[in-house]
Amino acid sequence: MSLFRLDGLTKRFGGLVAVDDLSFEVDRGEIVGLIGPNGSGKSTVFNCTMGRYKVSDGSIHFDGSEITDYRTHEVVENGLSRVSQESNPITEMPVAANIKLFTLPNSVLAFRGGATDEEIYQYAARIDLEDKLEEMPDELPHADIRRLEIAKALATEPEMLLLDEPFAGMNQQEINDLVDKFEELREEGITMIVVDHNMGGLMKLADRIVVIHNGSKIAEGSPEEIAENEAVKRAYLGSTEAM
Amino acid sequence: MSSDTGRLGGPLNSIADGYNDRFGQVFGELNGLQFALIIGSLLVLLLVPVWAPLLGMSGLLRTLALASIWAILAMGWDIQSGYTGYISFGHAVLSGGAAYTTALLIGNVNPDLSLAVTLPLSVLAALTIGLVIAVPSLRLKGPYFSLVTFVAGLIFYQLTYAFSDYTGGELGVRVGRIDFTVGGFEITTFDPVMRYYVMLVPMLLIAVTLLYVARSNVGMIFVAIRENETAVSAAGIDTTKFKIWSFVLSSIPMGIGGWLLAHFYGTVNPLNFLLVDRSIELIAMAVVGGMSSILGPIGGAFLVIVLREEVLRIFGATGRWVMLWTLILLVLVFARDGLFRKLWHYLGRLGSRDGGEN
């Protein structure tokens, strides 16, 4: 049985259909790429999954339970975590406290608790951020801010990560390092969906790629199959972007 | 100056370190100078009945008792509005609701009700009003939330006139003083010294409790909600639950403060308890001291009340209010982070320089 399943997911904003009857599954331990030209609905899929948008139609299942109407914190408690496209650290707190926030119990009476300093160090070390724990987020270079977002997501101990454009704004070296890190996380048992608008970082990383265009799935297959797919080429040709 | 603090800094720092080892994790770490400020202020406050008469300032006992109550209210506002960033402009409704509960019980049920009845019921009333306002309005953001709390304040103010058969309208209801016995010792707020401690001790206990909360995970989550609510839900934390919790933590001290204020004045009327000015005053105290710090609002409350009741009296009954609000305006413009926060950070820098030399 798959770990994650979208079943006819539909999201309408007024007259606009952002996601149109989209279905796909992700198996445990897989890394699935979700690509499509800008505005094709990729981020909307994540926003629906994380309970940020109310789903118009269809359902979302994760790890045996239906999470379609869950609120964000309930989705996270169920083992899903998202690394958003925009970085949003709390600028008043150092890196360590930003990570610690993601380990705090969701209980109003839990005055103490959450990760110890050692555990925070470990979360940071998984993504090479352990030397920056004392720094304030606005002192960090872009790539480290992105690492902090990943460290925060890891601190919720997710079974599955939703990665929204993780390679945006990074140079080739940084992309390669990050691809290696994601491979390591997969070895540790984390399933992933990676959104990107081009195939660059995904060719090596993804086991399977789902392509959406105008909210609908137009292709699904191995990275090699997708690279040769005519419908995908046409979709990208219509936009100004290169694959 | 620097050699003075240098000589003082050593022993102060070692005492402060003793505190830090035991309590630093719980209440936050202090350097020697900050520790001295806290202990010094505490001693000054505890010994007012000793030094005030010697300086011929016995009137201070009344002023500082009143300041203690307002410190409770300013801290109560701070743990909710200051920490979560959901700014309430109607917090006097909570303390006023508690005061009117006491007034209605004493005025309409039984004038001899003991505080064992009036205090818990008054706090419960503040809590209920807090939840009635919080639950529907906390999904509103920014100015809309503030506006709802503001309008709630206006409604409560008018209600006291609408139900003047029970509330006495503008004149209010007499509630008398607080009398109780502890271990055979009779305490009455007719006595100015006892009254002072009856107001001061709850203030100190509430300060310790709220500091504990503010320096805990709960305080950290409140601040995170203020800075970035979306990130907090992405951390698997139910922000709605925590925002309601902030109102609960706020309503309890507001209720206690309202009850104390009722007995301090001896009469509960709309002017002293529910006029919208009262809500703005407690915000002003918190902001002047330094909001989202708990200690700042205490300093702010004492500063504002001492200015209003003692120093600015030279400007006359109305003139003192004009001067007070002008001074508050100046602090808002030139020291937005709050005077006591500035002092605190100044001592922090001074103290760490001493530490470096030693």
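Cβ coordinates come from backbone N, Cα and C, glycine included.
Annotation comment: TrEMBL describes B:32-54, B:60-79, B:113-135, B:144-163, B:196-214, B:244-262, B:282-307, B:314-335 as transmembrane segment.
If you look at the transmembrane segment (B:113-135), the same-chain residues 6 or more away from its ends with a CB under 8 A from one of its CBs are 88, 90, 93-95, 97-102, 105-106, 148-149, 152, 178, 180, 243-244, 247-248, 250-252, 254-256, 258-259, 262. Within the same chain, residues 26-28, 42, 45-46, 48-49, 61, 64-66, 68-69, 71-72, 75-76, 78-79, 83, 178, 187, 189, 222, 249, 253, 256, 260, 264, 292-295, 298 sit at least 6 positions outside the transmembrane segment (B:196-214) and bring their C-beta atoms closer than 8 Å to a C-beta of that stretch.
B:60-79 is the stretch from B:32-54, B:60-79, B:282-307 with the greatest number of Cβ pairs below 8 Å to the transmembrane segment (B:244-262).
If you count C-beta pairs under 8 angstroms between the transmembrane segment (B:60-79) and each of B:32-54, B:282-307, B:314-335, the highest count goes to B:282-307.
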